[in-house]
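For 1-426, the entry in TrEMBL reads domain 'Major facilitator superfamily (MFS) profile'. Per TrEMBL, the feature transmembrane segment maps to 31-52, 61-80, 86-107, 146-165, 234-251, 272-298, 304-326, 338-356, 368-388, 400-422.
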Amino acid sequence: MSDGFIFGQMSGMIDALLGEDHSIEMTPDDVSLMAALINSTCLVGFIVAGVVTEIFGRRRALTVLTMPLAVCWIVVYFTTTKTVLLLTRLIVGVTFGGVLSISFICVGEYAPPNMRQVFNNVVNGVGSQFGSALGHILSIFINWRIVALIGLLPAIMSSVIPIFWVESPSWLASKGRFDECRKAYRSLHAMNSEDENELENLIALEKKKNAAIKEKNHTPTPIGRLIWACKQLYVWKIIFLGVMTNIYRIAAMRIIFNTMALTILRDLTGYANLWMTVLLVDGFGLIGAIISCVFVKLFKLRSLLFVLGIIGNIVLIILSIVLYLRPEIDFWMSWVKALLLALYLIIVNSGPYPALETLYTEIYPLEIKAFGIFVTATVAGIFQFLAVKYSPGLFASIGYHAVFLIYAFIIFVVLGYLWIALPETKGQTLQQIESYFHKSAKMSHGSSNDNVKETVSMLENQLEP
């Protein structure tokens with residue numbers, strides 16, 4: 001929720017500074033730079049998160065990286081200069097990137113396989129959408145500085161709550177602290193035979209990796225494990241898959257809509273019904289995220305991605321055609337455009353986004369979690385920066401209809417690649433998913449209560465030098 005609120009508040013702040021609020025003099029270029037800074041400096045957050053999580057663990061890292069956000073909200077309220085406001089965007093970007101990466105890591109490591117998709121969707125889907133919607137709605141009725149102060153509440157909660165967690169069992173296992181790993185794992189699970197098997201497989205895999213690393217004349221330190229992992233071809237296949245999923249997420253434009261929602265909706269619908277339109281679009285985006293909690297439980301992730309991804313893209317193309325044929329603003333066409341946009345948001349938030357964001361929690365092996373997210377997010381961050389930075393200019397020069405059509409084409413290209421490269425991961429343990437990528441073979445759909453000795457034997461064969 002705290003991460004989503006960042007973009008909701010910033011959308012209202014951008015709209016105010018481009019409108020009648022002259023408390024801080026900013027040009028349109030300054031405003032677009034401010035919006036894009038978060039998406040570029042979040043790369044630093046990925047690096048910081050990788051270092052902090054390796055040293056302090058998952059829960060303490062989340063507390064440390066959230067605290068600067070609370071400070072920034074206070075600074076935003078009091079600032080009267082453009083320079084200070086831009087500096088807060090730099091710090092917020094670092095915090096956003098760090099917290100986002102840790103959120104994906106924590107969901108993958110704390111949640112059981114059969115609930116991982118639902119938990120991820122609640123945390124990174126529903127929570128983010130709710131925060132963004134809240135920021136947008138408050139910005140319509142309240143000055144953007146007051147909205148910034150309201151952002152203190154979710155930021156403080158995000159800092160305090162992790163203090164009371166147990167540490168991640170996967171992180172403890174990667175450090176060779178196997179007794180603590182067992183204790184933490186058992187405190188998080190009801191412990192049936194499947195849970196016992198998953199725990200033993202986790203420990204067996206990490207022990208075997210440490211042995212393989214030593215055989216390669218590396219020490220089983222974080223750096224040694226990373227060097228060993230980077231020499232594995234399957235690791236780079238995973239990273240490239242992560243890059244492609246991020247390109248889809250950028251082309252689907254959720255960040256652009258969250259960052260510039262008020263401005264985009266004003267251009268498409270006019271100010272007359274702006275507050276109702278924002279409520280409609282944000283409401284349907286949130287409804288889509290809530291519906292996806294049911295969808296990810298009932299359907300396979302590939303089905304959600306490809307079926308709803310294609311349908312959503314068709315809706316985006318229809319919206320592009322409507323904008324091209326009827327660019328004028330009138331009462332009925334404003335509602336047609338708003339409803340098409342709302343339909344698009346509910347579709348992508350109920351299928352493609354939760355499916356792809358779940359992959360972020362699953363596909364990276366322990367030794368490259370932070371590194372893999374950093375590499376893929378670096379590439380994605382560059383594209384996201386360019387998208388947010390230059391989208392306002394593209395909207396003005398070639399029109400919304402052309403920009404939407406370009407993004408729709410990119411989405412179809414990415415879907416074609418994912419159809420070939422993406423496995424079905426629903427219900428699989430993290431060790432089974434890693435096994436799939438290591439072998440580059442069809443993933444077994446057997447249950448996770450397979451015999452422990454057979455699983456350990458399979459992992460040993462995969463990790464032979």
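Backbone N, Cα and C define each Cβ position, glycine as well.
The recorded stretches the transmembrane segment (234-251) and the transmembrane segment (400-422) share 3+ CB pairs below 8 A when only pairs 6 or more apart in sequence are counted, and are therefore in contact. Residues 117, 120-121, 125, 129, 245, 248-249, 252, 254, 257, 265, 268-269, 273, 277, 280-281, 283-289, 291-292, 295-296, 301-302, 304-305, 307-309, 311-312, 315-316, 318-319, 322 of the same chain lie 6+ residues outside the transmembrane segment (338-356) yet bring a C-beta within less than 8 angstroms of a C-beta in it. In this chain, the transmembrane segment (31-52) does not touch the transmembrane segment (400-422); fewer than three CB pairs sit within less than 8 A of each other, excluding pairs fewer than 6 residues apart.
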